[in-house]
Each structure stands twice: as structure tokens, then as C-alpha cells.
């Protein structure tokens, strides 16, 4: 009888393991191969060798890159050096990046580990750059003022909160106010790994302001990129491991109401909103297994989607760029400016293409 119970227990454990393993592989799109889609006149951005996980383009063409991310379970080509914020002017004939000096003595630069970024332009044209950072595996939002003439960032404030344990991306709605995605419920790396493997869908979106902090959406399987429509009425949320983008209606009190969901055959990462058309440009991972289990002989590919008329009954989804990893590995973000497409990656290079 004891042997029978033991065998039954082993069988149940193996069955659960098999089911979870199959689900895990499906969520990571483990068996997908990339069908290449090329763009003309693409050049690698000089000076970016350790990733450009997120980027933000200002209306004047100045572009911020967050680079050097160290993230649990993800490859890093420069693990011993702190991250940086880089700047590039897309109006130049041959744009090149330069590191932005960070002014003030309130930020520990040795542990600076930038992830998602977002800008907010005040009524007096002051540019604020909000940066997700992971010092010592924690999560903070660092608030900077961009000093254009000096080509520097003035550190103003560090934001932490118990409802922000594992921030991935942010969408600024004020100098110190934003929506943030938590890609995990837990902050502890061990618990995070089980949360992800079991597909618990406990990640969420938080609205933060100096006066009020609240969870405004939850139930996500790795909430990732977030963006806001040009008219400010809608919030777009990428659910990485469910291969979905959610559209929420934003209300005057900053709460969100679900409106619609789009599904894809790729892992959707950061979302950029076209400043002219309102289209969504999305950096994607066609095969997530190759991101989380890196093999230089079989590297992760890259994919960029353009989503037009997302609020309509029949949105148009176009694969604008796709590549198997020989040029660009692990695309996380894409954004446009005057006929140019910038593509960033989690740990690799960045690419600039003509559209």
C-alpha cells in the first residue's frame, strides 16, 4: 500500500512537472523560428555594446538610451560595470552616442542599473527623465532633470515603495508621477523564478504619485512595457509571457478600465507610441527560451511590430523588422523619428534603420 501511494505521488509530481514544462515552453514560444524581414540602410549604433533595453526620443530628436542592464537570468556582456544613460541626436548625419554625466551626490553610481525609462515635459519645457533602476536587485525610480546645454542629468529624487517591488517599465504622467509595471509579485530572485515557472500571473500595474499609490491593474503573466496614447485617454500594457497587449481606458482619477486585448505569436516587450500617428511600435522576442537560456551558438532573434488603429475593430499588425540574431539579439524596444527606426536590445547592440 505504501509503495502504491509512493508511486501515485511520484506519478502526480511527474504529471504536474510535465504539464508545467509544456506550459512554460508555450509561454516562452520555445520552438518558434524567425522569418527574416529586412529594412534598407540599417546601421549599428556606435558605442552601444551592452544593450539599450529602453529608449525615449524627445520631440527635437534627442534620444535617451538606458544601457548596461543586469537582470536576473538574463545575459550581460558587461556584468562588472554599472549602467549608463546615453544620449544621441537623430538630426545628425551620422548620429553617435555620448554618456550623460549625472550631477548631484544623492545617487550611488556604482550600483546604478537602469531598466525602463520615460520622459515628461513640463509646461515650461523642462524635461524630466524617470529611470527604473535595480541597485542590489531592488527596484527604484530615479528622477532626473535633463540639462540640455550641459548634456547632463541632475538627480532630483529616488522613489521606492512597497507596491513597487519589481519594476520593469514606467510611463511618466508628471515629474514624480507615473504608471509602472511590476513584472513579478516577488522581489526575491528565488521566489521570482518559481513565480515565473509556475505561471502564477501575479504581476501588476501601479499608479504612483507623491499623494497616492495604488494597484490599477493585475493578473498579468509578466507585465512588461507600458505606454499612453497621444490623447492621454488610453494605456497600453504588454504582457510578455501571455503574448498580449492590453488596452485600458484611463480615467480622471488615474484608475484603469480594461477595454480590449490583442494576441500575438511573439513575446511583446516595450511599447513606443508614434508621436505623429499614434501607432504602437513594439520590440519583441520571437523565442523567449533563447533570451532566458542564452546560447551564443543559437542566439535570440529580434522582431519589431507596428500596430495601426489599435482601437478599431480590425487593427493592422505588421512585422516591420525580424532577424535571427546574427545582427541584433534580444530586441526590447523600437521607436520612430522622421523616417528613422531605432531598435534597442536587452543586452546586445542597437540599430538605426531607414523606413
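Note that Cβ sites are derived from N, Cα and C of the backbone, with glycine treated the same way.
Note that the structure is a prediction, hence the values are computed from the model and not measured.
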Notebook entry, point to check: Hey, Swiss-Prot has Ca(2+) 1 bound by 168, 224, 269, 270. Any idea which of 53, 92, 94 it lists too?
Noted result: 53
Check: Out of 78, 89, 136, 169, which is the one Swiss-Prot records at the Ca(2+) 2 site of 54, 117?
Finding: 169
Notebook entry, point to check: Looking at Swiss-Prot, which of 41, 253 is flagged as N-linked glycosylation site?
Noted result: 253
Item checked: Cα distance (Å, whole number) from residue 224 (Ca(2+) 1 binding site) to residue 117 (Ca(2+) 2 binding site) -> 12
Note to self: At a 10 A cut-off on CB-CB distances, which of the recorded positions 42, 117, 353 has the highest count?
What the structure shows: 117
Margin query: Tell me the coarse DSSP state (helix, strand, coil) of residue 270 (Ca(2+) 1 binding site).
Written below: strand
Notebook entry, point to check: Can you tell me how far the Cα of residue 169 (Ca(2+) 2 binding site) sits from the Cα of residue 324 (N-linked glycosylation site), in Å?
Noted result: 25
Notebook entry, point to check: Around the Ca(2+) 1 site recorded as 53, 168, 224, 269, 270, what other same-chain residues have a C-beta within 8 angstroms of the site's C-beta center?
Noted result: 54, 115, 116, 169, 225, 238, 240, 283, 332, 333, 346
Check: Of the recorded positions 42, 115, 253, 353, which one sits closest to residue 270 (Ca(2+) 1 binding site) when you measure Cα to Cα?
Finding: 115
Item checked: Alpha-carbon spacing, residue 324 (N-linked glycosylation site) to residue 269 (Ca(2+) 1 binding site), which is rounded to whole Å -> 17
